[in-house]
Amino acid sequence: MQERSGFAQCQFKHSCLKVEMSSKTLSSGSIAQARRTVQQLRREARIERIKVSKASSDLMRYCGEHAKNDPLLMGIPTSENPFKDKKPCTVL
Amino acid sequence: MGEMEQLRKEAESLKDQITAARKAVQDSTLQEAAAGITVVGRIQMKTRKTLRGHLAKIYAMHWSTDSKLCVSASQDGKLIVWDSVTTNKVNAIPLKSSWVMTCAYAPSGNLVACGGLDNMCSIYNLKGKDGNVKVMRELAAHTGYLSCCRFISDTEIITSSGDCTCILWDIETGTQKTVFAGHQGDCMSLAVAPDFKFFISGACDFTAKLWDIREGTCRQTFGGHESDVNAIGFFPNGNAVITGSDDATCKLFDLRADQELITYQDSSIMCGVTSLAPSLSGRLLLAGYDDFNVNIWDMLKAERVGKYMWKLYIPLENGRKVDPAEDSEGSSRVAAGTEH
C-alpha cells in the first residue's frame, strides 16, 4: 500500500474520499427514503421558535455577564498566567 | 398522483413552511440589536509555549477539561499527551494506523480516543494499572473515515464519519447505541452541547444538524453555507451554534430562533475555515483558515479584531490554547518563540 507519500498528498476532503453530494430533490432514491425525508421535515417544521430580537438580546447579555471572566478580553495578570515564564530571582 | 410525487410535493411544502416560520420570528437582526455596542479593542496575542515532538503534520488536538493537559494526533503515527505548562510529554502513544484525523480527551481525563482512515475509533486508557497506555477498545462499524470524535463520558463517545453518519457508542461493550443518519455528505466535525443532551454536526452537504442524543433524532437542520462545513462549535451557553466552511465564512445560528443570525466574512478572506473556537464569554470567535491564519472575530459585531499567522503565537482562550492554529496543515510545531 502506498504509505506516507500517498497520505501526504491526499487532502481527505478534496479527493476521492468525499462522497458525491446526492441530489437535493427526491427524484433519486427509494420511496422509503422519501418517506423518511418527509417525516424529518415534519419534525423540523413543528418546533417552537423564539423571536430573533430575544435570541439576540440573550446572547448579548451572556457576553456582557461573562466578559470579566474572559482572559482574552480582560488580559491575564502575570501572577495568574500558568503559561508565562516567571523571571528567576537573582541572588546577590 | 403516485406516492413518490405526493411525497415530493409534501417535502417542498414543508420546506416552505419552515422558511416562513423562520421569517415570522425575524422581528430584528443581531446586527440591529448590537448596533449600540462598540467593537472590542484589538486583541493582542502572545506566544507562550511551543510543544515540540511530533515528526509530521498534526491533524488534530483536544484540550483536557483541566486546561493544562492536551492530546494531539499526528501523521507520524503518534498520539501525544502534553502538559502544556511544562511542555513535557506525559504520554507518547504509538498508533496502529498513522492515518489519524481526529483525537479527543475524555472529560474525566482517564481516556483518549483517535481515528482516521482506518474507519475506526480507538480508545486508550491513560490510567491503566501497570502504567502502560494500551488500546482499550476499537470501535468499528463506520464505512468511511473517522473525521471527529468526542466523549460524553468514560462509557460513551460520539463519532462522525465520511460515511455521512454519526454514531453514539457504548465503549464498554464496543457496540453502536445509536446511528444518526440524515446528512447527505461526509460528516466533517461534531461538538457536544454543554448539557450533554445534544450534539451538532457539520457536513459536506453544506449543512449543520442538531441531534437529540437520547431520542436519536435530528431536531434541526441549518443551511446557508455554500460549501462544506468543516468546523463546528457551541456558543458557551449552548443556545447557539457556530460553523466554519470551505466557503470562507463562519456563521452563527441560534437554536431557539432556528436560524442564522450573522455571517463572519471579509472580501479579503478567500480560503476555507478549518477549525474554530469561541472565547469563554462568547464575545470572540477564533477561526483557523487554510492559509494558516487565525482570524479573531467580535461575534456580536461581526468585525475582525485580530489576525495572526500560526508561527507567531498561540492564541489563548480562557487561558487555554485553542485549536485553530494547530489544525492548519504544515507543521509539527504549534508555536514559535516566547519573546514578545
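In case you wondered, yes, glycine gets a Cβ from its N, Cα and C as well.
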Range annotated coiled coil in TrEMBL (choices B:4-31, B:200-227) is B:4-31
The repeat 'WD' (B:180-221) [mean pLDDT, rounded to integer]: 98
Please list the DSSP helix, strand and coil residue counts for the repeat 'WD' (B:51-92). 0 helix, 23 strand, 19 coil
For the repeat 'WD' (B:222-263), the distant same-chain contacts (Cβ-Cβ under 8 Å, at least six residues beyond its ends) come to 18, 21-22, 25-26, 29-31, 185-186, 188-195, 198, 200-204, 206-210, 269-278, 280-282, 285, 287-289, 297, 299, 302
